[in-house]
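A.B. asks: Let me give you the structure first, and then I'll get to my questions.
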Amino acid sequence: MAAVQGGLVDAVEKKDIKTEPSEDSGGNNNANDGRLLSPPPGSSASAPGGNKPPAGAPEDQQTLLAVLQFLRKNNLAESVEILRREAGLPEDALDLKAGDSAGAEDASSLLSRVTVSSSAAAQAPTKAVEDQPDVNVVLSAYSQQGDPALYGVYYSGLKRFIESVLDCHRAELSQVFYPLFVHMYLELVYNNHENEAKVFFEKFSGDQECYYEDDLRVLSSLTKKEHMRGNETLLDFRTSKFVLRISRDSYQLLKRHLQERQNNQIWNIIQEHLYIDIFDGMPRSKSQIDAMSGSLAGEAKREANKAKVYYGLLKEPEIELPLDDEDEEAENEEGKPKKKKPKKDSMGSKSKKQDPNAPSQTRIPLPELKDSDKLDKIMYMKEATKRIRLGPDNLPSICFYSFLNAYQGLTAVDFTDDSSLIAGGFADSTVRVWSVTPKKLRKVKSAADLNLIDKESDDVLERIMDEKTASESKILYGHSGPVYGISFSPDRNYLLTCSEDGTIRLWSLQTFTCLVGYKGHNYPVWDTQFSPHGYYFISGGHDRVARLWATDHYQPLRMFSGHLADITSTRFHPNSNYVVTGSSDRTIRLWDVLTGNCVRIFTGHKGPIHALAFSPNGKFLASGATDGRVLLWDIGHGLMIGELKGHTDTIYSLKFSRDGEILASGSMDNTVRLWDATKAFDDLETDDFTAATGHIHLQDNSQELLLGTYMSKSTPVIHLHFTRRNLLLAAGAYNP
Amino acid sequence: MAEERRPKQCTVVLPTESMKAMAESIGVGQLQEESCVALSEEVSYRIKEIAQDALKFMHHGKRRKLTTNDIDNALKLKNVEPLYGFQSQEFIPFRFASGGGRELHFYEEKEVDLSDIINTPLPRVPLDVSLKAHWLSIEGVQPSIPENPPPAPKEQQKVESTEPLKVVKPGQEEDGTVQGKGQGATAADGKGKEKGLIRLKPRSTHELSVEQQLYYKEITEACVGSCEAKRAEALQSIATDPGLYQMLPRFSTFISEGVRVNVVQNNLALLIYLMRMVKALMDNPTLYLEKYLHELIPAVVTCIVSKQLCLRPDVDNHWALRDFAARLMAQSCKTFSTTTNNIQSRITKTFTKSWLDEKTQWTTRYGCIAGLAELGADVIKTLILPRLTVEGARIKAVMEGPVVSNIDKIGADHVQSLLLKHCASVIAKIRPQPDNVEQYRIDYGYLGPMLCSHVMKARTQAALQAQQVNRTTLTITQPRPTLTVSQSGLSGSAGPRTPSIIKVPSSLTLMSPRPGTPSQPSPPATKYIVMATSAGPASTQQVITLSSSQSASPVTSTVPSATSTLQPLVKLESGSGPGLTGSRPMQKYIVVSLPSSASSSLENKSSVLPTSISSTPIEAGMKLDRSESPGASTQSPH
């Protein structure tokens, strides 16, 4: 239900819509033209808020002129030409102006407003401008002035008011403190009131919630206007509105108070930099608010989580007939052909049922199944019949793979789905692959040798392998920086790694060579993962953009931008139609692969999110962060449904058991913990979601859900994997 | 926690002096104060920014420690050229100096002696990354294997044993059960629900699983069996296995019963094996033995002071067992003695009492003195030194008086060398120079002259060692410990079959030069090289460095007293030949009291010097020696 909003808020909303394009372009800083065109919408957005005169026709032309001048200054002759033609300006317009000293001054003054509010802009290295196209626009919004000495008074006045309101409103209104504090501080800094800013910070920073500590640390080091340029955290604050969810009653209270007091300073900030999402109903309690807050830009707007998400699984491909034949053959070979049939049928019938929540089979094109894939599926089903049914009384065994002599260098680990290979990425830029089965790793023979092979023979696949190269592990060289993410393709033919050097590399596990280096991220790539159906993969890194790639394209197919800080982890939904990204802005976003839209924003973590896992049925998501908590999310409703507390350090790994009954989490605190996922989700199903307002009460039942804690010997757990039979594999480097 | 830090956060800025210093370092003098302030603020901000980015890399590197590489990467992120090749072994590479009103920061560039670099042993080649799998949990229960952390941490064992009557609170109770779910084994029993009114000793289960019972059987059999290799493995297991907590009561009973039986039967070998078990238990870092001291201490004390420990007191080297047990005793006093249990003072009293008794036999006397001497320099000073004269007279009576019995003579001789060994170093510390033989005779009676030479030796040795790296001195001083005991005990009881058990490493030939050049530093060094080869790769390097420094001390010390009873060469040879003694303790007595039978063989050997025979036991001894040395070093009061 859409909130009915007051006039003021309406205005806020409209502005918000307008700024959106500029936000998006903030991510796509690929082309010069795109960058240069983005300032206008941004500036128009900030114009009504700032103290600039309303934009008019002559102003527009001046802006264009200013842009032209800027282009010319940077020797972008063609762009100048194009822009001039499109705008219909006379060829000599600029020259005229340039000749006219007054005009030039005019233009340059405007330019300075558009680019930077001081003349430093022109000299600012282009590099910085390229990185943050709308920095200066953003900064200029702070130019409004108030008496710096009064900031503290205003703030404490509001504080006193909020502390005096009824308890039920106090928690809600307290949310205002943090964004207000930040913006007031930044305003002071921007206007060169360094000392006042310092005093203000010292006086009030202690009041802020502890989970904002990291941001406060960044803020505290920022004491000069010059520092503001290029500071990412600051930019995040400015480019996005801090979202608060407040009940109507509380909001009215606040509004009345501010209007009575004529407290324009605060009111301006609230209007300009805050987005207040008003809902009807009971105000939320402190614990409810705390559960959801903590992200860099406040909570998610409710509208953001309204889109329909097809979280159901895709139908299993129709490979039953050949499957049965081959299966029987295989069975016969093994000499125990019975008892398989009924199981197969049940499997088949299950997959025939179409899940109403599933996307259509062809929503995104998936690669055709090859014969080898079908064989693998058969293997999978066979193994699945031998799977151990897990539960609170039947805990999985855990096999721990310790990397010895890694000298703190192990940065990423992955297992193949069938648990036959394990790969590790290291800080020394190497990638190593081990075989954990007796089957050794072999390379394909060289081209010359392959010519000698009898291609008609049945075991040609066996013959192409070079026995001489058989070994238990192989090293892949190619990256030039620590390898932070690693992922096997589902068919075990490829390995994907991403690194600090900004590239993602695709390796062949047949030849053990690098096939492709995908370049696109200019900064470290923190994580990458193959789609469960192969072919596609997702990557995310320091540039805050997640990219969707296909193995046969050297450029990304989709770019998902919207996160306000580094993307720290990426995962594919089991149906390959969605990807989820976790970020250091402490939010999780779910993206639709088809449209590229962000369909869910989850807030609630208090630290960068380093682990994500979908439940096998695709309905739920688990996330782990540096705060040591695991949060559970219902994707369909877009709600937080559980919080698992217990870990004392960053969680680097999460995995659901194959049937989804157990959630395993591995952490820097050297423990593997097992949680009762069935109970966590079931308890909830009976609860009625107060989906209308999107608030839920989380009961603190972590202790009941915790099924086991297994301490390793000074070995942080950085990867977990359930084998097809539900044996849990864990991996980490021993750190004596 | 960060709350307290926060106010500081915005004020931390580099001092302007550093700006000036840095400006000077690149040739900019006379920087304006204002520019310094502006610069320092800017620089501090940038540094903080870089540190914050570096943190990101640390998190993604899955580490808890920030490294210089993280900083490099953060710089790269900012398009700043990283610092190449920054490496400092020390924390801060700069040195500070001031004088003449000027302050300077500079790099300290020491002159490096090339020969030092050449002679430094190469560092270990780093091992390649490898993968090892183990079971972290089997169907929800964590197996207690060395790869997993111990189920009951030592602290918990300590708490259990020292505060057995703590009130069980409901909250703690919960903790216990939750943990128990995961750990499976040692859950506190759930009887404390009566709101902590009843003081309960948490009940710990001592039921052993079938595997544990098998393990216990295997281990105990191996420990007292005849196969030395198996025994070494079993002892190793006892000393390192983290899962023995449950079996501790059984081990302790096994030892105490074993000692009781074998003392009566005078079975020296078994007593030695049992003491080695005690040693292994004490070495295990995951066990806390206090609860079982009431069984272990009597057993150990028995092995120190018992009148007779072996069937043939004149031949068997039960002295070594006494030494070894005394060291164990001292170690447990050190570890477990508190003001409540007063172990040390009770033990001291026991020893002193039987020592003072006139009728005490030489064997017991030896044990008491050894036990006291191991307790440290203070005990020697207050209890042993004042009695040196009396003891000297007693020894003189035996040595120079009418021939009583061979046994008494051997005993007296041992006591004498023991006293000399322990007292010399203490006297060297407390007595001012010069050392006058006459003065010593007056002060200490019969033992005076010998003491005097020992003290002088100790002084030169100390002076020499002071020049060495201090780290080495510790280990140098105790080649004597345990291994020798075990070795000698074994050969004493089972005859000279040692060579067959212990493989002769190829490096043995190194030993041969030793006899020829007694006073050169090099031959003793070779001795240690052998030691190094037998040691694990981990400590090779260290041991080698030891050897060179050590070599000097024993050799020089022998020079002045070459004519006297102690000559190291002879000692070594003789000890190894008849298999009577280990490498070290025999130093004193062999030359003095050479039994006629042994002496002949000894002489043969010293002339011929068959390297293989002589070196084998020594090498074995060394090997053991090394492994035991950490424990020994802590207890020896040097």
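Backbone N, Cα and C define each Cβ position, glycine as well.
Annotation comment: TrEMBL describes A:1-58, A:321-368 as region 'Disordered'. Among the features that TrEMBL reports, compositional bias 'Basic and acidic residues' is placed at A:11-21, A:344-355. Per TrEMBL, the feature compositional bias 'Low complexity' maps to A:43-58. Annotated domain 'TFIID subunit TAF5 NTD2' per TrEMBL: A:146-274, in sequence order. Taken from TrEMBL, the feature compositional bias 'Acidic residues' covers A:321-332. The repeat 'WD' annotation in TrEMBL covers A:403-444, A:476-511, A:518-559, A:560-601, A:602-635, A:644-676.
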A.B. asks: Three or more CB pairs closer than 8 Å, sequence separation of 6 or more: does that hold for the repeat 'WD' (A:602-635) against the repeat 'WD' (A:518-559)?
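C.D. replies: They are not in contact.
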A.B. asks: Six or more residues out from either end of the repeat 'WD' (A:560-601), which same-chain residues have a Cβ under 8 Å from its Cβ atoms?
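C.D. replies: Residues packing against the repeat 'WD' (A:560-601) from afar: 23-24, 26-28, 232-233, 236, 239-240, 294-297, 300-301, 304-305, 307, 309-314, 358-359, 363-364, 366, 485, 526-533, 536, 538-542, 544-548, 607-614, 616-618, 621, 623, 625, 633, 635, 638.
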A.B. asks: Near the repeat 'WD' (A:518-559), which residues from the same chain, at least 6 beyond its ends, have a CB less than 8 A from one of its CBs?
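C.D. replies: Contacts with the repeat 'WD' (A:518-559): 27-28, 366-367, 481, 484-491, 494, 496-506, 565-572, 574-576, 579, 581, 583, 591, 593, 596.
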A.B. asks: In terms of Cβ proximity under 8 Å, which residues at least six beyond the ends of the repeat 'WD' (A:644-676) contact it?
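C.D. replies: Sequence-remote neighbours of the repeat 'WD' (A:644-676) are 384, 387, 389-392, 395-396, 398, 400, 607, 610-617, 622-626, 628-632, 700, 702-722, 724, 726, 728, 730, 732.
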A.B. asks: From the DSSP assignment alone, can you count helix, strand and coil residues within the repeat 'WD' (A:476-511)?
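C.D. replies: With helix first, then strand, then coil, the repeat 'WD' (A:476-511) has 0 helix, 19 strand, 17 coil.
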